[in-house]
Amino acid sequence: VKLCVPPSGFIRKLPLHSIELKDITIIIIMSKEARPSWDSPMQFVLACVSYAVGLGNVWRFPYLCQMHGGGGFLIPYLLMLILEGIPLFCMELAIGQKMRLGSIGAWTAISPYLGGLGIASVVTSMYLCLYYNVINAWSFWYLFHSFQSVLPWAECPVNANRTGYLEECEVASPTQYFFYRETLNISSSIDENGGLHMGQALCLLLAWIIVYLFIVRGVKSTGVVVYFTATFPYVVLIIYLIRGVTLHGAWNGVKYMFTPKLEQLANPQTWINAATQIFFSLGLGFGSLIAFSSYNHHNNDFEKQAVIISLINSGTSVFASIVTFSIYGFKATFNYESCLERMRLLCLNAFDLSEESISAGNVTEWIHYLNITHPESFAAIASKIEHCSLEAELDTAVEGTGLAFIVYSEAIKNMPLSQLWSVLYFIMLLLLGMGSMLGNVTAIITPLADIKLLAPLRSGLVCLVCLLCLLLGFGFTSRSGNYWFTIFNEYAATLSLLFIVFLEVISVCYVYGLRRFERDIEDMLGHRPNWYWKVMWAVVSPLLLFSLFIFYIINYIQGGTPTYQAWDKDLVRSAIKRKHIY
């Protein structure tokens, strides 16, 4: 109120007793509206879409579909969206819009004892920022290497004597070799540091410079950027969908995705993974949604926006899965037919047969026939016989960086105009990653900038946070950095987020009070929330979150000593082996 003092002489012209409550109310509203705001509700929606729709939609959801029954996984996924995702998303938007503060200030306003909940959100977002931008650095690395006549992951490099290809690359594959040895230059264990990878360090520096420029002016700069980061990935996905479904074998992958294996619905892990995917995909608990909605106008219709953004996020996951499975189908069909061709040539070279006698369609029958009729000759090549199966190729489940940087790269290198598709794909990954980073850094900056002493120093605060994250993030560009990346990704923000959001919903319903929260919503929207929202907030969502939290604790205890995967150049393909964390 002190910042909104009436014009000079206003107090002198009116006696103190004549300043009525309505005058004070106007002054309070003016102070609320003094906070920077989005130029339009569309900007807010795009910011939330850009934040929520991230890399997990592209590389995590398709993997879960593949693991848990294809189209059958959509049943628990959509059910968890209704029971958990939309209600909690709406709750965080309501808190931010009502309090018009970042996470620390908002929870402190609800109760002075809940300020630690906001601090926990900021710390978790800080953890995420440390390693998440490394993925953008990898995307930059691949993008810069896409402008070559031959993609560097399309073929193996020659050995030192220039008499052939590197054995390590030949035993694995060019795409695996490029990711683990060229991109990461990975060590054989977490104990072997080996210094920074300068190329990756420079890419990380570039990624943080772009993040800084995107958010340095607050909602004024972020509001412009989100028009691009939220929409262009969809343009690329549509282009990839058109190209994907026209690839040879693409429909094998799409058919595989939409063929439900309903027996997976009896597996508790399917329902747990559906709930966690909804939870993490929407970005709950980080404080980003509270920060974004704190820049809304008081009467913004956040309830409708919460439903729209949640449906867009889930729809994008399904859409991206169709694109991914069309690529899967092409890759699986290519590998399957290559396997059949290898077996055909093996039989033709080992036995006196005419070229036309064996084809890809009958090679399996010929192998069976030759094994019976020429057992001694067949024994000489038995160790080289491979079992070619399209179903087995489609069943090979890959997630995370393995899907984004190895499987996709392997499919891209076999496409005509592979450089074009590579550039489009890695630009899409960059925009998805940058959109999420905007929300993650905003979740840190907004609560700090709400502190009166730090408010005038916002630009310096953004610079300081980005610089600190950059310096700490350099550790992930060392030779052992990928191991630390995996540990942070698996352990830094899983249990903590579940615990934070569980406390959030309990605090709103049973500390602040559900009836009071209803009145706040009525004040903003003009009506109280209906029975669906109240039942989800008070009963269903807390029970689901508590169950997930208990499951993760039990799973962690039963898992024994934590392990990580390590690349062994001597064993290569099979030795991404397990090592213990002590």
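Cβ from N, Cα, C; glycine included.
Now, the feature entries from TrEMBL:
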BINDING   Ala52, Val53, Asn57, Ser281, Asn313, Leu432, Ser436  Na(+) binding site
TRANSMEM  74-95  transmembrane segment
TRANSMEM  107-134  transmembrane segment
TRANSMEM  197-215  transmembrane segment
TRANSMEM  224-251  transmembrane segment
TRANSMEM  271-295  transmembrane segment
TRANSMEM  307-328  transmembrane segment
TRANSMEM  423-449  transmembrane segment
TRANSMEM  461-479  transmembrane segment
TRANSMEM  491-514  transmembrane segment
TRANSMEM  535-554  transmembrane segment
Please figure out which one of 197-215, 224-251, 271-295 racks up the most CB pairs under 8 Å against the transmembrane segment (307-328). 224-251
What is the total of other Cβ atoms whose distance to the Cβ of Ser281 (Na(+) binding site) is within 10 Å? 23
Any contact, the transmembrane segment (107-134) to the transmembrane segment (491-514), with at least 3 Cβ pairs under 8 A: yes
Is it true that the transmembrane segment (535-554) and the transmembrane segment (74-95) have 3 or more CB pairs under 8 Å, sequence gap of 6 or more? yes
Can you see whether the transmembrane segment (74-95) and the transmembrane segment (461-479) are touching - at least 3 CB pairs under 8 angstroms, only pairs 6 or more apart in sequence? no
Measure from the Cβ of Ser436 (Na(+) binding site) and count the other Cβ atoms within 10 Å, all protein chains considered. 27
Cβ neighbour count (10 Å, all chains) around Asn313 (Na(+) binding site) is 24
The answer for the transmembrane segment (271-295), taking Cβ pairs under 8 Å and residues 6+ beyond its ends, is 35-38, 44, 47-48, 51-52, 54, 56-57, 60-61, 64, 67-68, 73, 76-77, 79-81, 84-85, 88-89, 92-97, 99-103, 106, 118, 121-122, 124-125, 128, 219, 302, 310, 313-314, 317, 436, 439-440, 442-443, 445-447, 493, 496-498, 500-501, 504, 544, 548, 551
